[in-house]
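**Student:** Sending over a structure as structure tokens; questions will come in a sec.
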Amino acid sequence: MVAFKRISADQIGPDGPKFLTAYLFFQVISSHLLLPILTSTFIFSKYAKRPATLISMCFTWILSGVVSSMLLYAGEFRGPEPQKGLCIAQAALLNGTVPMWSVALLAFVIQVRSALPGGPAPLNKMKLYCLLAAPYISLAIWSTACAILAVNDPVNANRSRRYFYCSLKSDVFTNLMSLFTAIMCFAAIGLQVQIGVLLHRNRRALHRAGFSSRVDMQLIVRLSIFELYILIGMIMDISTIFTNRSTLPDLFASTIGFVGFLIFSLQSDVLRTWAFWLPPPIQTPPPVYLSREPAFNPEFDLNECEKANEDWTEKVMVIGRGGLVSEGMSTIVIGREDPESVTH
């Protein structure tokens, strides 16, 4: 999230190197190690499959972290201003990565919504491809626009304005991009609230009928937690309009990929996949849910009994009460006996 007031290199003070180290740590550890492992698990694992839009969202976090680390790659994250071409490239790409992952988040929520009972029609291949392509189209549009502005006025692309990374000095462009990002995130949060209401209604109705909803509630709960984290970041970002400049919004934004990894990786099937030295889990058949509604209307026909073949070797079910008098115990006896031996 890049919006509104952010601290500059001149204002950050003597603690700047510590903040920069923390910022780069979260960017590198999440985008270069943790998220690639998680994304590969989702793609190649037999037991931890996830929706394609979640995989795409993980990839957008990886790309965002890589772009944020460009000055680190070049060894120009400290000291004088970086090379102008490098600075323009990072500023342009960073202004595209934030809208990119916000669109990816909305696409993921849309796919989850379409898979729920009572929701819209399931996504066909064309709609799914559009959801997967939308984040990268957004990246291309916003990055191209930022690059054009930066090339036309290279002086406005520098690192001193943000300290952690190169940015473009254009409040109009930055606020438009931030507004677009906020709309995408609020749309995702609103749709998630609708999912919660729909699930609550469906679960109550299915519970009365004796059915299971067969919905991956873990995934939906984790998505809700992540969206709450995004909402906190957005509130923090907007609050900088009314408060002094701070490093907190940038540091908070750098942890999004790391928190996303924790939320979506700490699941039993993912952890089981990583513990490859353990024996494979025992595959149990899915449970069978019986409806509480009667499936038939049994009727008793006396004629059928009269027509039955009287075979004294046939056994019938007898339920009676017996006991061991000597031991003072009384038990229920369920067994099969000859009809001749049954006492009335």
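Cβ from N, Cα, C; glycine included.
Since the structure is predicted, the reported quantities are computational estimates derived from the model, not experimental observations.
Pulled these features from TrEMBL for this protein:
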type	residues	note
TRANSMEM	20-45	transmembrane segment
TRANSMEM	52-74	transmembrane segment
TRANSMEM	98-116	transmembrane segment
TRANSMEM	128-152	transmembrane segment
TRANSMEM	172-199	transmembrane segment
TRANSMEM	219-242	transmembrane segment
TRANSMEM	248-266	transmembrane segment
**Student:** Tell me if the transmembrane segment (20-45) touches the transmembrane segment (172-199). I count contact as 3 or more CB pairs below 8 A, with pairs 6 or more residues apart.
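**Tutor:** Counting Cβ pairs under 8 Å (6 or more apart in sequence), the transmembrane segment (172-199) does not reach the transmembrane segment (20-45), since there are fewer than 3.
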**Student:** Of the listed stretches 20-45, 98-116, 128-152, which one has the most C-beta pairs under 8 A with the transmembrane segment (248-266)?
**Tutor:** 20-45
**Student:** What else in the chain is close to the transmembrane segment (20-45), if you only count residues 6 or more beyond its ends and a Cβ gap under 8 Å?
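**Tutor:** Residues 54-55, 58-59, 61-66, 68-69, 72, 77-78, 163-164, 250-251, 254-255, 257-258, 260-261, 264-265, 269-270, 273-274 contact the transmembrane segment (20-45) from elsewhere in the chain.
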**Student:** Which sequence positions outside the transmembrane segment (98-116), separated from its termini by at least 6 residues, show Cβ-Cβ distances below 8 Å to it?
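**Tutor:** For the transmembrane segment (98-116), the list is 1-2, 51-54, 56-57, 60-61, 63-64, 122-123, 128, 131-132, 134-136, 138-139, 142, 177-178, 180-181, 184-185, 187-188, 191-192, 194-195, 198-199, 202, 215, 219-220, 223, 227, 230, 256.
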